[in-house]
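Visitor: This is the structure I have questions about; it appears just below.
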Amino acid sequence: MCRIVGAPRTLLPLLAALLQASVDASGEISLCKTGFPEDVYSAVLSRDVLEGQPLLNVKFSNCNGKRKVQYESSEPADFKVDEDGMVYAVRSFPLSSEHSKFLIYAQDKETQEKWQVAVKLSLKPALPEDSVKESREIEEIVFPRQVTKHNGYLQRQKRDWVIPPINLPENSRGPFPQELVRIRSDRDKNLSLRYSVTGPGADQPPTGIFIINPISGQLSVTKPLDRELIARFHLRAHAVDINGNQVENPIDIVINVIDMNDNRPEFLHQVWNGTVPEGSKPGTYVMTVTAIDADDPNALNGMLRYRILSQAPSTPSPNMFTINNETGDIITVAAGLDREKVQQYTLIIQATDMEGNPTYGLSNTATAVITVTDVNDNPPEFTAMTFYGEVPENRVDVIVANLTVTDKDQPHTPAWNAIYRISGGDPAGRFAIQTDPNSNDGLVTVVKPIDFETNRMYVLTVAAENQVPLAKGIQHPPQSTATVSVTVIDVNENPYFAPNPKIIRQEEGLHAGTVLTTFTAQDPDRYMQQNIRYTKLSDPANWLKIDSVNGQITTIAVLDRESPNVKANIYNATFLASDNGIPPMSGTGTLQIYLLDINDNAPQVLPQEAEICETPDPNSINITALDYDIDPNAGPFAFDLPLSPVTIKRNWTITRLNGDFAQLNLKIKFLEAGIYEVPIIITDSGNPPKSNISILRVKVCQCDSNGDCTDVDRIVGAGLGTGAIIAILLCIIILLILVLMFVVWMKRRDKERQAKQLLIDPEDDVRDNILKYDEEGGGEEDQDYDLSQLQQPDTVEPDAIKPVGIRRLDERPIHAEPQYPVRSAAPHPGDIGDFINEGLKAADNDPTAPPYDSLLVFDYEGSGSTAGSLSSLNSSSSGGEQDYDYLNDWGPRFKKLADMYGGGDD
């Protein structure tokens with residue numbers, strides 16, 4: 001059997017816990033038996049038990065491997081067992097006879113079958129110092145052997161054990177490296193092994209604190225340790241062969257750093273501030289001071305004690321305060337705290353570790369400043385019994401008197417701040433008292449207007465007290481009282497209208513000169529004989545006037561409810577009343593005229609413009625009516641179309657949807673695109689009703705499948721790009737050029753045709769019939785032609801030009817021609833023959849005149865007609881006389897022409 005030891009030179013020997021399983025003397029393997037393989041587990045400890053310390057490992061034989069057991073301790077307050085059978089200490093306690101024995105239970109979770117085993121702990125007695133030194137050379141930690149399984153049976157080897165932690169004091173002086181323990185494996189007899197340690201302090205930061213001899217397994221520390229930096233090191237020891245193959249499972253080595261008293265207590269603050277009310281009873285809590293120690297708080301090195309070293313001043317007693325030596329709470333221990341005598345105390349506080357041991361403990365000091373706070377032990381007192389003030393009537397927010405008090409308490413504290421109140425003489429609440437925060441004076445202020453004619457003087461009773469009540473035991477009364485006499489000064493007051501505003505109800509449409517009402521003001525100055533005059537101050541529509549003496553209001557224009565100056569049927573006018581006092585005063589009054597509606601506005605169509613498609617389906621326009629009147633003079637409305645012109649009802653139809661809306665639709669299947677003005681008759685429901693023909697501008701346009709207009713304006717408005725617009729404009733310009741070229745070509749062709757027609761013999765130019773143009777029923781009833789229009793043919797107005805349409809070949813073109821010499825006017829409108837002869841002479845002598853005057857050619861309308869065609873008028877130079885007798889055969893419509901040219905004598 002191997003003995004496990006290990007400890008630094010400065011500590012008592014550390015004996016490792018040793019567990020040994022019993023084996024048969026013959027070394028044969030016994031049959032598997034469910035339960036604990038040992039009757040008693042023993043562990044030998046080198047020191048008292050620490051909280052969380054692993055003690056030993058108990059094993060439960062589970063032959064079939066299917067049982068799931070749960071471990072319990074008979075002393076759960078002291079020991080606990082993990083699922084793997086490791087036993088730990090629940091708390092720290094000195095190992096004694098009552099803690100040396102306990103039981104461990106294992107219970108099957110399914111069958112509830114239960115087993116138990118006893119555990120015995122013993123403390124190895126301390127060895128003499130010489131023995132320790134000798135034993136150090138052989139103290140070693142041996143890698144444990146594991147229980148192996150062979151053919152379903154357990155073969156017992158070395159029993160598992162737990163290595164107790166190694167304790168090292170901090171701040172050790174060496175020499176370094178300082179040997180701690182030797183780690184070895186029992187396989188070193190047959191194999192060449194190499195040892196190593198890993199973990200923080202070895203190969204992890206902070207590295208190099210612990211080293212191990214790879215050959216001998218000797219573990220050493222290389223420098224002093226500091227518990228305040230690292231209180232525990234957790235290392236793992238490894239054993240491998242020369243090829244680096246793991247020979248043993250790693251074992252855990254815990255090194256605890258033992259605390260030394262190397263840190264003084266430190267106060268959280270060097271100066272502590274606290275307060276205590278004056279007159280406090282003994283035992284009153286004041287404040288708490290706190291110090292901390294970096295040493296182990298569970299050891300004497302970190303256990304602090306407090307005490308008061310000094311008190312200044314020492315009146316009325318040198319021991320006015322005491323401190324709890326463990327918690328640092330400062331309380332009063334004597335009566336007599338008086339702020340008026342001592343306002344502040346200064347205490348020197350000391351904190352000492354080692355539970356306050358003055359010989360071995362380290363100490364530090366701090367200052368505690370305790371301020372004695374004031375309490376209300378002095379009430380405020382008025383400096384006079386009566387205060388005086390005066391105020392003009394109708395003035396508010398003015399100070400009429402200052403109330404002064406004295407208070408012996410600390411200024412600007414609740415015990416010094418005064419609160420004033422009026423206890424009598426002001427039932428209507430016309431006065432108020434505010435406290436000046438700087439001087440503590442009471443400011444008597446008027447908060448409601450005071451009327452001299454009602455009351456000429458006020459006598460107020462006021463009281464003053466502090467914000468907080470007086471302290472108990474004070475014999476003074478809690479408040480002080482005084483009297484305030486306020487005199488009211490008479491002033492000229494404003495006249496006032498009553499009621500204001502004044503509301504009257506009138507129908508709109510009243511004619512000018514109608515008396516509406518009388519609006520007068522009253523003068524509150526009853527003791528003054530004053531006259532009041534009235535003027536108009538505001539009349540937005542200039543509808544009213546007021547009599548300056550009696551206040552009678554009369555209309556000067558027609559009242560209109562629909563005026564923009566009328567809001568919510570109410571018209572507001574403001575009037576001014578002025579007296580002749582010194583100084584003169586004035587007041588305003590508002591007259592509100594509620595105008596009753598009459599049916600004086602005809603309805604109008606809304607909207608005034610709309611769009612519709614060329615085809616009726618789907619096509620409709622929803623319209624409504626706008627009537628500035630209100631119910632019952634507005635809706636419901638009646639919608640209809642007028643009878644004239646007939647195209648309205650022929651093209652359109654209107655359907656009434658309800659009292660406010662109607663629908664306008666196309667009646668025909670197709671209407672050419674354009675702008676149409678559709679008159680709509682709208683009638684309201686007034687009594688009597690009022691009608692109006694309102695024009696709705698309808699834009700008829702081509703539509704897409706969705707019923708939306710597709711005209712160019714809409715397309716451009718829809719956001720066409722600049723390039724698209726330029727392309728469209730170019731296309732339009734090209735089209736216009738083509739049209740112009742076509743027109744030029746047509747005119748040139750007309751000239752060629754006219755030239756050919758001039759060569760036709762007049763005798764052969766016989767028309768078979770005469771076509772009628774613009775026949776609109778009946779013949780020309782007015783035969784009295786105005787021949788005066790022939791006097792100046794070249795001054796005919798452009799409106800007389802025949803519109804573009806079917807034109808005769810021999811008709812003069814409409815476009816501009818060169819300006820020819822002006823021919824003389826005929827001497828008389830009736831002498832048409834002389835006029836024509838003079839015109840022919842002028843044409844013959846004019847080299848620039850076109851040949852239109854030589855021969856007039858009319859459109860050829862066929863041959864073989866019994867009636868001859870109209871002949872042209874020949875000039876005198878053309879040769880021969882023209883025979884107009886055939887005009888008599890053309891019927892009554894040409895009678896005038898036959899009379900003019902048929903007479904040979906004329």
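Backbone N, Cα and C atoms are what each Cβ position is placed from, and that goes for glycine too.
Per Swiss-Prot, the features are:
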type	residues	note
SIGNAL	1-25	signal peptide
MOD_RES	Ser96	phosphoserine
MOD_RES	Ser135	phosphoserine
DOMAIN	160-267	domain 'Cadherin 1'
BINDING	Asn261, Asn263, Asp293, Asn301, Asp353	Ca(2+) 3 binding site
DOMAIN	498-603	domain 'Cadherin 4'
TRANSMEM	725-746	transmembrane segment
TOPO_DOM	747-906	topological domain 'Cytoplasmic'
REGION	863-884	region 'Disordered'
Visitor: About how far apart, in whole Å, are the alpha carbons (Cα) of Asn301 (Ca(2+) 3 binding site) and Ser96 (phosphoserine)?
Guide: 26
Visitor: Across all the protein chains here, work out how many other Cβ atoms are within 10 Å of the Cβ of Asn263 (Ca(2+) 3 binding site).
Guide: 18
Visitor: Determine, from DSSP, whether Asn301 (Ca(2+) 3 binding site) sits in helix, strand or coil.
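Guide: SS state of Asn301 (Ca(2+) 3 binding site) = helix.
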Visitor: Starting from each candidate's C-beta and looking 10 angstroms out, tell me which of the binding-site residues Asp293, Asp353 has the most other C-beta atoms.
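Guide: Of the binding-site residues Asp293, Asp353, the most buried by Cβ count within 10 Å is Asp353.
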Visitor: For Ca(2+) 3, what surrounds Asn261, Asn263, Asp293, Asn301, Asp353 with a Cβ no more than 8 Å from their Cβ centroid?
Guide: Asp259, Asp262, Arg264, Pro265, Ala294, Asp295, Asp296, Gly302, Met354, Gly361, Leu362
Visitor: Which residue counts does DSSP yield for the domain 'Cadherin 4' (498-603) in the helix, strand and coil classes, in that order?
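Guide: Residue counts in helix, strand and coil order: 0 helix, 48 strand, 58 coil.
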Visitor: Within 10 Å of its Cβ, which one of these recorded positions (Ser96, Asn261, Asn301) has the largest number of other Cβ atoms?
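Guide: Buried the deepest by this measure is Asn301.
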Visitor: For Asp353 (Ca(2+) 3 binding site), name the DSSP secondary structure in the helix/strand/coil scheme.
Guide: coil
Visitor: For the domain 'Cadherin 1' (160-267), would you mind checking the mean pLDDT of the predicted model?
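Guide: Across the residues of the domain 'Cadherin 1' (160-267) the model's pLDDT averages 91 on the 0 to 100 scale.
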Visitor: Using DSSP, break the domain 'Cadherin 1' (160-267) down into helix, strand and coil residues and give each count.
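Guide: Across the domain 'Cadherin 1' (160-267), the residues distribute as 4 helix, 51 strand, 53 coil.
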Visitor: Distance between Asn263 (Ca(2+) 3 binding site) and Ser96 (phosphoserine) at the Cα atoms, whole Å?
Guide: 33
Visitor: Going by DSSP, is Asp293 (Ca(2+) 3 binding site) part of a helix, a strand, or coil?
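Guide: Reduced to three states, the DSSP call for Asp293 (Ca(2+) 3 binding site) is coil.
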Visitor: Cα distance, Ser96 (phosphoserine) to Asp353 (Ca(2+) 3 binding site), nearest Å?
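Guide: Computed Cα spacing between Asp353 (Ca(2+) 3 binding site) and Ser96 (phosphoserine) is 30 Å.
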